[in-house]
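In what follows, a structure is listed as structure tokens, so that the remarks can point back to it.
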């Protein structure tokens, strides 16, 4: 739903008309510049910092702390699932009162936003705690069954510092719930995006191409083919995609050349595509499917660089196995055991 960008001119969802039953004052050049600037900042910050954090997350030692990996099958199904969710929201807004639906969604994002924001600020807040801070460890554990059949449903470890971050995030959550202020809304949006880039990984470039290609068709169809995307975007009062660029950063690191060529290329391509989207929207005064411009840029630019450097094969053969995949875990154990055996043989010699 963040794909459809609406024109900020006229200060309302429709030119000269009310938005959500409230008439807004006409927009000014300064207001338009602020809106476009905020849009660029909101889009770029999660990509850059989320990609950096995704590298640290991928290097985690515990398999339970590792990110979820999106496979090609997941990527192919995602546009279908997204279309069903979008159409469902559209029908809900048409059938039920918009006020009650937004209240329900606000409560939903209030809870998720607090958790996402707390996870986002936790690494930064740790630097501000004094050395002698009384930090205690806690564990939230839910199990099912008993004895040998006992199965863990939730096993979450946290400490006092995490609780402080949760409290600070709750203040922002209450601010968002009561005022719907754009800063609180954007903080939640940033937290959702950053966590998505950090904790959701594509397993290879081909999967990224499948995902972006499917979303390209999804975005163009629902924006230009129907009024569904724009209607939901205007009615949906909740904070509002960027995993492919993080994958290219990890591919850069895997090349071990101490350069981030593909990451910076895809990042520049994203800026170019988003800028082109805003330019077209500004000229034609009509909502635009951002992926119509972002997908060709984000896929095309890195592939052109790979062609120029002769690294297309390396790019498409780069693979990230899921840490929760039993086969991957088995291979990892086998590799560790093989290394240990070689080490013992050398010592014996």
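Placement of Cβ uses the backbone N, Cα and C atoms for every residue, glycine included.
Per TrEMBL, the features are:
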- 1-26: region 'Disordered' (REGION)
- 33-55: transmembrane segment (TRANSMEM)
- 99-117: transmembrane segment (TRANSMEM)
- 210-233: transmembrane segment (TRANSMEM)
- 262-284: transmembrane segment (TRANSMEM)
- 290-308: transmembrane segment (TRANSMEM)
- 317-349: region 'Disordered' (REGION)
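Comparison of 33-55, 99-117, 262-284, 290-308 by number of C-beta pairs under 8 angstroms to the transmembrane segment (210-233) places 290-308 first.
Looking at 99-117, 262-284, 290-308, the range that has the most CB pairs within less than 8 A of the transmembrane segment (33-55) turns out to be 262-284.
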